[in-house]
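Features as listed in TrEMBL:
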REGION    A:1-32  region 'Disordered'
TRANSMEM  A:42-64  transmembrane segment
DOMAIN    A:113-327  domain 'ABC transmembrane type-1'
TRANSMEM  A:117-138  transmembrane segment
TRANSMEM  A:150-170  transmembrane segment
TRANSMEM  A:201-223  transmembrane segment
TRANSMEM  A:256-278  transmembrane segment
TRANSMEM  A:306-327  transmembrane segment
Amino acid sequence: MAVHTSQSVAKAAGDDVARGRSRGTGNPPPPSRLRRALSVHWYAWTMVAPVVIVIGVIIGYPLFRGLWLSLTNADERNVARSIGVNEIPATYEFVGVDNYVDALTGGQFLSTLGWTLVWTVSCVGVTFCLGMALANILNRKIAGRSAYRMALILPWAIPGFVSVFAWRFLYNEDRGLLNKLLTGSGFDGIPWLNDPTWAKFSVIAVNVWLGVPFIMVALLGGLQSIPSEQYEAAEMDGATAWQRFRHVTLPGLRPVSTTVILLSTIWTFNMFPVIFLLTRGGPGEATQILVTQAYKFSFEISPRDFAQSSTWGVLILVLLMLFAVVYRRVLRTQGDNW
Amino acid sequence: MTTLTETNARHAVRKPRLRGDRSPAASVVLHLTLIVASVIAVFPVLWVLLTSLKPAKFATTTDFFKETTFENYSNLIKDTEFLTWFGNSVVIAGLTTVLGVFVSATTGYAVSRFRFPGKRGLMWTLLITQMFPVAVLIVPIYNIMASMGLLNQPAGLVITYLTISVPFCAWMMKGFFDTIPREIDESGQVDGLTPFGTFWRLILPLAKPGLAVTAFYSFITAWGEVAYASAFMVGDENLTLAGGLQKFVNQYGAQWGPMTAASVLIAIPAALVFLFAQKHLVTGMSAGAVKG
């Protein structure tokens, strides 16, 4: 269908161009390949041109600069800067892949990567299971369904940084509501954000709270698109509720699930605000994920270490792209035309 | 037809529970689950709202209501730069949205409708740029902005946010254009419209809801962005809301009164519009991704 439409459009557009030219020159020479491609595709290329230019200038150029910085020893003291009217030129040098060697052989990157993986897997796993359960409940006939739906979506509707501050308010060790309730009922208060293990638990809890609505709504949409004939057929064959879920619902949700899992894995891996605003990576470096640590290198330590920060950034990007490629390949071998 | 199958099923196999049937106990369990989940979802937000209505000195009490007052709100507006931050956020997020949608609308259409050399590469680029961690771009953009004197300027932040919103808007709009039947394009061509004419006169009016949702979502993304805003904007009068809110809560102490009041004022408009737009939002996102 796509082919059909595009060809007919192409012909129309191509004719247009040819007519315009022939009016001027009478007998055009046989066009070269490039010219022919241009005359067939010029409208599509014109339409995508703004985005290509914008992406090239504001993403492409910084990206290559970032790659370059990661191969140098740039820090706050040797980059180009101006103090008053004096322009100080950059004095940093090319150091090859030293930064990458340091990052990959030193302990800090690998231990941060380890926690980042734990964080991503547990957040996405828990969020997906909760979202799946809630979507299935909401897909049934149940009184007050739209009210429940509205309430459950709320965490998504509030800007993330506001919710994170709300949680910080609840988590506060001396005066937060959670600990007041605990001490009120005779338990000891919990150092939610001040103990490494509890802090890890707390940030995951907040991220799950933030992430469930998106998955729930997406899966709910997927559930509603599963034809009810399939369930009727399953019932005819005597399938139990679990069998219906396992053999009708799950396969029917596959296209939506694969997409939301991919998206939320990428988002969680890069989830800056939750960690940054809740704990700043603390206590110590216990909750620091790769993104917040890279941010810390370039903006929170002195002197700012731009080279190391860029190195970590590039490594994060490489990891995510590897993940996306592998994920797609696995899906394709299982027969998905995604 | 449906009733027939149902009665058949009921006669044929009695054992497995059918989809419509549910025991009262199961209903109770379902409702309890939903109630617990809803309370967890709503409570933190509700608690902030309730706290904002208490006098600041009672902010950390456990009472739901205590001497209800709006003094947090009036203090917030009188004594802090909240309105300036709010204005900064509106200007920056608004400009980002308008530019993002404007630049990427035609691309969404072209990618949705045409086959052309470079389409595959473009699709991949749009997808990959969405997984760019802040960490890759923030240092080079910071240095570039510093050398151009754009740090601490709204324009600098708008340009930075375009790196997020342009790929995202193009991706979303492809999804929405995909849902508009191609027959409409064909009828436009039959009537002698050029591809641009088809896009401008036929498709764009039909895609208005999709455009609105895309615009709204890119607005919300810019509205809630934290990393770039914290790094690029310093000085009280230049902050956006994400940076301003951090002023109330830092390692030296917390002013929960103004913080909660500010949170409510930031969240209410966003939440209201969001609840209207969310249904279309998921459609666009997953359609764009699935049919890619």
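Using the three backbone atoms N, Cα and C, a Cβ is placed for every residue, glycine included.
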Fill in the blank from the handout: Residues outside the transmembrane segment (A:117-138) whose C-beta sits under 8 Å from one of its C-beta atoms, at least 6 past its ends, are 145, 148-149, 152, 200, 203-204, 207-208, 211-220, 222-223, 245, 249, 253, 257, 260-261, 264-265, 268-269, 271, 289
Completion exercise
Other same-chain positions with a Cβ less than 8 Å from the transmembrane segment (A:256-278) and lying at least 6 residues past its termini are 116, 119-120, 123-124, 127-128, 160-161, 164-165, 167-168, 171, 193, 202-203, 206-207, 210-211, 214-215, 218-219, 221-222, 287-292, 295, 316, 319-320, 323-324, 327, 331, 336, 338
Exercise for the section: Six or more residues out from either end of the transmembrane segment (A:150-170), which same-chain residues have a Cβ under 8 Å from its Cβ atoms? Expected result: 134, 138, 176-178, 193, 202, 206, 209-210, 212-214, 216-217, 273-274, 277-278
